[in-house]
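What follows is a set of notes on a single structure, which appears directly below.
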2 protein chains.
Amino acid sequence: MNVTDVEVLDSNDPLAKYRDEFHLPENTIYLDGNSLGALPKRVKQRVKEVTEQQWGNDLISSWNQHNWVNLPQQVGEKIAPIIGASEGQVICCDSISVNLFKLLSAALSFNGTNSRNKVISSHDNFPTDLYIAQGLQGLLGEQRCQFVDVQEDNLLRSIDDSTAVVMVTEVNFRSGKRLDIKSLTERAHQHGALIIVDLAHSAGAMPVHLDNWNVDMAVGCTYKYLNGGPGAPAFVYVNNALQNKLQQPITGWFGHQNPFAFNPQYQPKSGIKQFLAGTPSIISMSAIDAALELFDDLDLQTVRKKSVTLTTLFDDLINQYGLNDQLQRLSPASAEERGSQLSYSFAYAYELCQALIDRGVIADYRAPHFIRFGFAPLYNSYKDVWSAVEQIRNVMQTDAYKESRYAERLAVT
Amino acid sequence: MNVTDVEVLDSNDPLAKYRDEFHLPENTIYLDGNSLGALPKRVKQRVKEVTEQQWGNDLISSWNQHNWVNLPQQVGEKIAPIIGASEGQVICCDSISVNLFKLLSAALSFNGTNSRNKVISSHDNFPTDLYIAQGLQGLLGEQRCQFVDVQEDNLLRSIDDSTAVVMVTEVNFRSGKRLDIKSLTERAHQHGALIIVDLAHSAGAMPVHLDNWNVDMAVGCTYKYLNGGPGAPAFVYVNNALQNKLQQPITGWFGHQNPFAFNPQYQPKSGIKQFLAGTPSIISMSAIDAALELFDDLDLQTVRKKSVTLTTLFDDLINQYGLNDQLQRLSPASAEERGSQLSYSFAYAYELCQALIDRGVIADYRAPHFIRFGFAPLYNSYKDVWSAVEQIRNVMQTDAYKESRYAERLAVT
């Protein structure tokens, strides 16, 4: 594989035209879209319009005039096809943490008994998911919520008749390993358990089939592959079959049947809208709304195909240059078994990450000794991959990462 | 009182210079800043900078480089002096609904027993506050959380030894009536109860003295008198004395002692930061951060004094023109006993509100038959009040609100 081969890949890329939709800083190869997606150009315009025209000029009337009041639903419906959900099952609101709390509480209240009180997750799930289950256990007590985390490989066999809820993330944040959600859902249902899936590292990077897999509930993030901006509100999916059986406990006024009647008694909205709580952050949510326009008419199979080719190219180049002696791949060898990222174990992962940043290659470090590269098929080119590996090779071969300045920086991302 | 008197008031107004800090649409008198504050000009610039420079160019590194990671705390510290809180007690996050859920759960877990399980609020509190208590009762059961709502006038005497938490809003959203928080806090403490105060209609409109009043916990909104933008994140106050005794249950990763260690076991941050849950919405939160600069060196006694003069002038003019025969004031007669708003009962309140909107006067309607006028001392002038009453007089005297088109509009705000 040489640079010419890579250029051919780019010239045949059906998604190449999307790159121009993004604002990408000069002299930077951004391989961290799995942490924070890049800025779509159309979002700049929308944020300006919402701030200056809608808020500035039209003020309170914008709740109707610009349909702010339905923004959570409108954004939800744009996310729905991306995650394989038919209409009326997805809504945009709050953070993943808050949404998991809502879903997990609702699932336990509906499905839990004294003998079915376990919440099963994997020890290596993204920590906020684990923390939320621990927080709920603290509030409800072990009799109602007994949180159990197991090794990822033991998840399937850990589900039994004492399981109330299985709570998993499809793509592991650290290793990039994909779980088989369909099998986990089948197993959960065989044992009378419900399943909640976190799609933080899936949505927008690959096809997801929530309806077909018969998943009960899901949450996800809009600031990674959906490019909604830093800390953009998250989303909630609840299967139609369950919606009116569940009652989530954070019963804020936006989930009320008729919030503007100001009735002192809570009555949930029917359907997915009862999962709303407080007033939505309109500026942040409008940014996502605009970013999602890029997914109109986008075939997620094409996105996935490019993602697989990107990760395969990267890993092949690492091997081709013999860098795999030092950078040990944590991610699965088969591209089919991983998400749109590659992680490597390396004693100096933190320092390497810093040295690469200095050379314009943005990846991220994950404690204790992993470096993680994310590939965003909408704006990363094959040439990006080539150039990034060239820089890694240079840093590794010159031991540049050992310079003391790299060890001294504080890690926060 | 005539227009010349009003012009004298404006020319002597020490806050007059602030009006120019806001983007105010032409030909509009905006008396709805108690629902959505106007756009500060500096917010336009900040939102553009955060979107285009910080997110667009600096991408993931902005979490450190532009200190996004500390934005919730930074904004909290700017709000603190506005609500009479010393350092380390206020943080910006989530919505009022979500924050009330955190505080009420934490308060009940800490202070509740089988014989002390009541949450007392007033029947006329803002509905989301009531709904959250109802939702928590649904989750925890009546043994742990028995929600009781009483008439506002009976609040004080309803607090007894069975009360775990008193949950009140200082300024009533409908009537504008102020509660005596100091007395309610004293009474709550005498009976071993905790108090949670909602400052949605207080913060930024008048001095608040949380520390001096010895309040335990508070929440508030940043999109009314603090001008943070539509649905901007809310804030939480927890008194130093209580912070490390409480454990809130929505234990997201931003409240973890060391989120970037990705430890599977939750360990709360010490102090106010444990009240964070998920990743904050950076664009919306940056808007507040900029809006709060207007409160640097601002004397809230001066703000309150102008607020009192504005509401008094408005009500005097209503009386002067004999409009009080039809518009019956719901708000207290004494300006000292009300917030920065005036509400009137009128059978055609909805239609009047629509007719005024057509004439460039923005107020809001509250079911079933109230019209509510909010006065924002930073950008409303005395001339605004004069001109608004002129329009009301015109609409009332010509019965213009009876035109059928006004009754037909849908009410949502």
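From the backbone N, Cα and C atoms, a Cβ is placed for every residue, glycine too.
According to TrEMBL, the residue from B:T169, B:T302, B:T309 that belongs to the pyridoxal 5'-phosphate site alongside B:I96, B:S97, B:F126, B:P127, B:T128, B:D129, B:D198, B:H201, B:Y223, B:W253, B:T279 is B:T169.
With an 8 Å limit on C-beta distances, the binding-site residues from B:T128, B:H201, B:W253 that reach chain A are B:T128, B:W253. Take the binding-site residues B:F126, B:W253: by the count of other Cβ atoms within 10 Å of each Cβ, the lowest one is B:F126.
When the Cα atoms are compared, B:T169 (pyridoxal 5'-phosphate binding site) and B:K224 (N6-(pyridoxal phosphate)lysine) turn out to be 15 Å apart. Rounded to the nearest whole angstrom, the C-alpha distance between B:W253 (pyridoxal 5'-phosphate binding site) and B:K224 (N6-(pyridoxal phosphate)lysine) is 29. The secondary structure of B:T169 (pyridoxal 5'-phosphate binding site), as reduced to three states from DSSP, is extended strand. If you take the C-beta of B:T128 (pyridoxal 5'-phosphate binding site) and look for same-chain residues 6 or more apart in sequence within under 8 angstroms, you find B:I96, B:S97, B:L100. Counting Cβ atoms from all protein chains shown, B:I96 (pyridoxal 5'-phosphate binding site) has 28 others lying within 10 Å of its own Cβ.
If you draw a 10 Å sphere around the CB of B:H201 (pyridoxal 5'-phosphate binding site), it holds 26 other CB atoms from the protein chains shown.
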